[in-house]
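Have a look at the structure below, then the notes.
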Amino acid sequence: MTDTNCHKIRIQDKTVQLPGQRVLFEDPMPLDSGLSFGPIEIAYQTYGTLNADKTNAVLICHALTGDQFVSETHPITEKPGWWSLMVGPGKAIDTEKYFVICSSVIGGCMGSTGPVSVNPETGNPYGLNFPVITIGDMVRAQKRLIDHMGIKKLFCVIGGSMGGMQVLQWAVSYPEMVFAAIPIATAPRHTAQNIAFHEVGRQAIMADPDWCHGAYLEKNKVPRAGLSVARMTAHVTYLSEPALHRKFGRRLQDRSNLTYGFDADFQVESYLRHQGYTFVERFDANSYLYITRAMDYFDLAAEHKGRLANAFKDSPVRFCVVSFTSDWLFPTKANRDIVHALNAVAADVSFVEVESDAGHDAFLLDEPEFHETIDGFVKGCAERWFNGHGKGAIS
Ligand SMILES: CC(=O)SCCNC(=O)CCNC(=O)[C@H](O)C(C)(C)COP(=O)(O)OP(=O)(O)OC[C@H]1O[C@@H](n2cnc3c(N)ncnc32)[C@H](O)[C@@H]1OP(=O)(O)O
Ligand SMILES: N[C@@H](CCO)C(=O)O
């Protein structure tokens with residue numbers, strides 16, 4: 001096992017120096033596919049200070065295209081961290097109280113082992129020789145990191161979308177290691193509609209001649225058009241019809257008349273092109289294939305004889321499930337299914353449906369009711385955890 005402080009990654013045709021830490025686990029890790037895979041490197045970032053008892057750790061699980069840069073300027077986009085509204089001094093996840101950990105998922109492209117990493121056996125990037133991984137595998141790799149840090153029990157595990165899937169997986173796979181779990185805008189399984197949208201994105205990437213059957217890095221190419229179209233399609237699913245109407249309506253982009261051509265006449269077209277274009281600068285096409293596949297394979301009930309409640313039987317974890325009214329990708333119904341399953345086994349669960357017109361990505365935005373919900377739940381859990389009850393549970 002090796003710990004390192006600085007590291008470089010290759011993203012598209014650039015090499016970027018990443019802040020944060022990484023740890024290399026030499027031993028192979030069993031995967032849900034039945035394969036064994038290693039070595040595995042985990043790139044992660046922390047905020048705040050771990051207390052002497054190691055009882056104040058909060059693990060943040062990121063979504064499909066997120067990464068470990070939760071609450072600091074992103075090293076590539078130079079934008080604020082994706083959850084700087086939620087995480088920081090005095091925020092709902094208060095870094096003056098908690099030690100916040102976020103690692104880049106395996107399969108990703110921000111420093112943890114993924115298809116862009118060099119296969120030690122060939123000296124070339126793994127590309128499509130990288131194994132298909134699952135949400136369970138991502139969480140298994142995170143557990144190695146948490147064990148490595150000597151943390152026996154996480155005060156809280158929290159995340160939205162694919163991050164929420166990881167939260168659920170943590171609670172099911174390692175219930176004794178989680179005091180409180182906050183799955184947000186997520187689902188216990190990927191639906192046919194979710195899989196369908198992912199398949200459109202993957203086909204766009206694979207149809208790009210610069211994808212080169214996954215070996216574009218060796219050929220110094222980037223499947224920009226395919227990855228960009230994949231993001232444009234996906235981005236529509238992260239918004240809502242009212243949000244698109246509010247932002248753009250049918251307004252024209254930098255012109256007063258239709259062009260009777262295929263330029264971006266409408267603001268919404270220009271916006272989507274911008275989203276696709278900027279995404280390509282920060283994300284890898286093969287990672288997109290692998291991570292969307294991991295989400296497609298997610299089905300918590302399948303591992304428990306088709307009954308979701310069985311997954312949570314005897315769970316000691318305190319759950320707060322959150323959904324958003326306008327999220328049609330991971331709708332309230334999917335989140336409520338989690339709550340029903342938890343109630344069926346008398347688990348400790350609360351549920352909040354937040355009123356918002358922002359769609360699925362509402363969990364990334366300034367939504368006061370949402371932030372108050374997380375703040376209140378975390379404070380309530382902290383009272384129980386730090387007033388002896390939780391400490392007792394650790395030893
Ligand atoms: C959850 C995780 O783990 S990490 C998540 C990964 N990160 C993301 O998904 C971030 C990318 N996603 C986004 O930015 C999402 O749109 C949101 C929902 C998070 C942000 O929403 P908002 O703050 O409302 O931003 P909005 O959707 O309006 O997009 C603003 C961008 O569109 C651009 N834009 C707005 N209108 C137009 C237009 N007519 N033409 C071209 N570009 C436009 C803006 O210039 C801005 O560009 P920039 O981001 O390069 O500065
Ligand atoms: N927009 C976020 C959420 C997707 O579920 C992302 O790209 O990761």
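Glycine is treated like the rest: Cβ placed from N, Cα and C.
In the three-state DSSP scheme, Ser161 (active site, nucleophile) falls into the coil class. Per TrEMBL, active site, nucleophile is recorded for Ser161.
Annotated active site per TrEMBL: Asp327 (among others), in sequence order. In this structure, Asp327 (active site) belongs to neither helix nor strand by DSSP; it is coil. The number of other Cβ atoms within 10 Å of the Cβ belonging to Asp327 (active site), over all protein chains shown, comes to 29.
A helical conformation is recorded for His360 (active site) in the three-state DSSP classification. All protein chains considered, the CB of His360 (active site) has 24 other CB atoms within 10 Å. TrEMBL lists His360 (among others) with the feature active site.
Annotation source TrEMBL lists substrate binding site at Arg231, Asp361. Cβ neighbour count for Arg231 (substrate binding site) (all protein chains, 10 Å cutoff from its Cβ): 24.
According to TrEMBL, the domain 'AB hydrolase-1' annotation covers 56-365.
Checking the recorded positions Ser161, Arg231, Asp327, Asp361 for a CB within less than 6 Å of any atom of ligand 2 leaves Ser161, Asp361, listed in sequence order. Around the Cβ of Ser161 (active site, nucleophile), the number of neighbouring Cβ atoms within 10 Å comes to 27. The Cβ of Asp361 (substrate binding site) lies under 8 Å from the Cβ of Tyr238, Leu239, each of which sits 6+ residues away along the same chain. Only Asp361, of the recorded positions Arg231, Asp327, His360, Asp361, place a Cβ under 6 Å from an atom of ligand 1. Across the structure, Arg231 (substrate binding site) and His360 (active site) are spaced 15 Å apart at their Cα atoms.
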